[in-house]
Structures are given as structure tokens and as C-alpha cells.
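Colleague: When I checked Swiss-Prot for this same protein, it listed these features:
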TRANSMEM  9-29  transmembrane segment
TRANSMEM  36-56  transmembrane segment
TRANSMEM  59-79  transmembrane segment
TRANSMEM  95-115  transmembrane segment
TRANSMEM  123-143  transmembrane segment
TRANSMEM  154-174  transmembrane segment
TRANSMEM  177-197  transmembrane segment
TRANSMEM  213-235  transmembrane segment
TRANSMEM  259-279  transmembrane segment
TRANSMEM  293-313  transmembrane segment
TRANSMEM  329-349  transmembrane segment
TRANSMEM  364-384  transmembrane segment
Amino acid sequence: MRSLFTRFFQLEAASGLLLIAAAVLALIINNSPLSYLYSGLLDVPVAVQIGALNIAKPLLLWINDGLMALFFLLIGLEVKREVVDGHLSKPSQVILPATAAVGGMVVPALIYWFINRDNPAAVAGWAIPTATDIAFALGVLALLGKRVPVSLKLFLMTLAIIDDLGAIIVIALFYSGTLSSVSLLLAAACLVVLIAMNRLGVVKLGPYMVIGLILWVCVLKSGVHATLAGVALALCIPLRTRNAETSPLLALEHALHPWVAYAILPLFAFANAGVSLAGMTVESFTHPVPMGIAVGLLLGKTVGVFGLTWLAVKLRLAALPAGAGWGQILGVAILCGIGFTMSLFVGSLAFSPGSSEYAGMDRMGILTGSFFAAVIGYAVTAMASRKPRVG
């Protein structure tokens, strides 16, 4: 299990650095004479037709609805593995990161709502600052190397996974469109088939992938966000088999992880982080939408994660990660304010590009809040991790 975690952490760290590069590249291109190529590429229509079935979307939505379904498939696999046979399998190991994750979602949402409470249209973005980008946050923490204890990295990873689970629930409950009963029934039928395959001991991944693709199409047409099909599929992939040497879930997780870390997430960041800075003023950054997001990420995450961690420890519900101090917990709490890809994704649901006046503003708030959370979080964690000099 430790070697699995080490591989996961190293992969997430490298992915975080690649995400930064992708976002910076998008910002540079979209604020240069080549900006027309950037917007033109994302608006390229892509259509798939099989008989009477026709799915036509611009490239941006194929990335957000299609490729990100694979990202959520990976999240679902990680959550199932952790719950069945990992750090979420024992209640004593879950209490502290789960409590911190709840605080890290509730406080930013309340801050955003308070700042935008007089604008019903803007309030729709309340969930944007509740997200944490696990790849980016772990990537920043990785820069400190062995100065931070492994237990602190495990705490951040577990917290972020629970945070992702919360984001999945939020998307399902609050960001679904008009529902189609026929498509939902077909999606339910696909789920029944997947569950039956699991119970009957089917271990080949091929059949799961075929039914999963059909499930994705049904969910896409149902009005529920298509990425949730990835989560549903993940929960049906068997972790254990009669032959203890094989695990379909681990095999799929290992196969997906490099693609998600090095291709899908950087591509998503490139497609969604290209904010045009033309005509921006100080007032643009102090608008309630970007202000609510940035303050929610930077201040809300810090107060929520650190505050509820402190409360859980003081009430003796849980203990601090072994070898970690309060200064390091504060640093990690600030790092949780790196919303980036997850916040961009929720923002694309709350304020659809091209159909909402806040579509660009939310990205300004996300990038600003995430940047300062990364810089300040790194500095605080580094200072708290200094070893006293001898002599």
C-alpha cells in the first residue's frame, strides 16, 4: 500500500507542475495575436453519429463532458479503493480529513454566498470555491520533499479525495439540467447490467468499458452531468476477484492514471484557463463573483480546514497526523485553496461559457485565489517544516 501511495504522490506532483505550464500557456496564447486560434480551436464542432444517435458539440464541451468523465472514473476508482481497502476503510483514519473536508467546503461556500447574496444569478457559483485540485496541491507539497512527514501528505491526499467526493455530490444535486425520463431509465438499466456483471464475477474490463460507454451516452442525454457516469462505472468495477493475484480495479486505475495526469487534466486546464485580460481593470478583480471565489478559496478554505481540524483535535475526536505540527496543518489548509481544475470544472457548470456574463470572471477569481493559495501555502508549510539548527 505504501508503494502504491508513493507512486500516486509522485505522479500527482509531476502532474501539478504540468497543469501550471498548461494554464500559463493558455493565458499567453489567449492574450497574444494568436488568441483567435485559441478560441477557434475550442469552438471547432465535433460530431459523432451512429444510426439515429447524433452527438454534436464544440471541442471544449467534448473535453469537459467526455474526457473529464475519465477523470471522474479515476476519482471513483480511488474512492472505492480507499473505502474498501485503504485510508478510508477505518473510521478512526477518516474522522480528521473528513471533518477538515467538510469545513473546507462549507466555509468557502458561505463566504461566496455572503459576498454575492444580492445577485441571484451570481449565487449559482457558490460551489466553485469549495473544490480542491489534488494534483496541484500535492505538486506544491512535493516541492518540500522529505521536510514534511508522509502522514501530512496522506492527510492532504485523503482530505482531497473526500473533497472530490463532495464535489461529485454537489454536481449531481445542483448542476443537472432538465431531466429526460427515458434516458434516465436507460442509464439505470446500464447500471443494473454493470452491477450484475460485478456480482457474477466478470473480471474482464472490456465488457465494463462497453457498457460504461453506453451509460455515458445515456447520462449525457438525460440532463444529469455526463461525468457522473464515470463515477457510477467506477463503483461497479470489482476490486477483488476469486484469484487474489488480479484486481480489475487496480489494473484500470494504473492504466488510467498516467493518461489523466499527463494528458486529460493538462488539456482541460489549457482549454479552460485561457482568460482574456483585455480591458481588465482593478474593478474587474473586485467584482463580487471573482472576489467571492478568490476570498472563498484563500480565506474560506484556510479557516474551514484549519478550524475544523483544530476543533476535532481539541474535542479529542481525532489526533494530528504523526510528526506533523499545527504550522504544517495551517500550510496544508492554505494549499487546499488551490481549486484550479476542479473549480474551473464546477465554474463551467455554474456559468456556461458563451451563455453567462460571469464565465470569464469566475476564471479570474479561480486563478487568482489558487495562485496566492499555492504561494502562501508553500511558504507557510516550508517555514513550519524547518528543522532547528544544532550548535
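Backbone N, Cα and C define each Cβ position, glycine as well.
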Colleague: Are there residues at least 6 beyond the ends of the transmembrane segment (177-197) whose Cβ is under 8 Å from a Cβ of it, and what are they?
Modeller: 207-208, 211-212, 214-215, 218-219, 221-224, 229, 232-233, 236
Colleague: Are there residues at least six beyond either end of the transmembrane segment (123-143) with Cβ under 8 Å to its Cβ atoms? List them, or say none.
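Modeller: Same-chain contacts beyond the flanks: 9-10, 12-17, 19-20, 104-106, 108-109, 111-113, 116-117, 152-153, 156-157, 159-161, 163-164, 166-167, 170, 174-175, 261, 265, 289, 292-297, 300-301, 332, 335-343, 345-347, 350-351, 358, 362, 365-366, 369-370, 374, 377-378, 381.
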Colleague: The transmembrane segment (213-235): which same-chain residues, six or more beyond its ends, come within Cβ distance under 8 Å?
Modeller: 53, 55, 65-66, 68-77, 79-80, 168, 171-172, 175-180, 183-184, 186-187, 190-191, 194, 249, 349
Colleague: Which range wins on Cβ pairs under 8 Å with the transmembrane segment (154-174): 36-56, 95-115, 293-313, 329-349?
Modeller: 95-115
Colleague: Could you pull out which residues elsewhere in the chain have a CB under 8 Å from any CB of the transmembrane segment (36-56), counting only those six or more residues past its ends?
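Modeller: Residues packing against the transmembrane segment (36-56) from afar: 26, 29-30, 62, 217, 220, 271, 274.
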Colleague: Which bits of the chain, at least 6 residues beyond where the transmembrane segment (329-349) starts or stops, bring a Cβ under 8 A of a Cβ in it?
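Modeller: For the transmembrane segment (329-349), the far contacts come to 19, 23, 64, 68, 100, 104, 125, 127-133, 135-137, 140-141, 152, 155-156, 159-160, 163-164, 167, 170-171, 175, 225, 265, 268-269, 272-273, 293, 297-298, 300-302, 304-306, 309-310, 320-321, 359, 362-363, 366-367, 369-370, 372-374, 376-382, 384-385.
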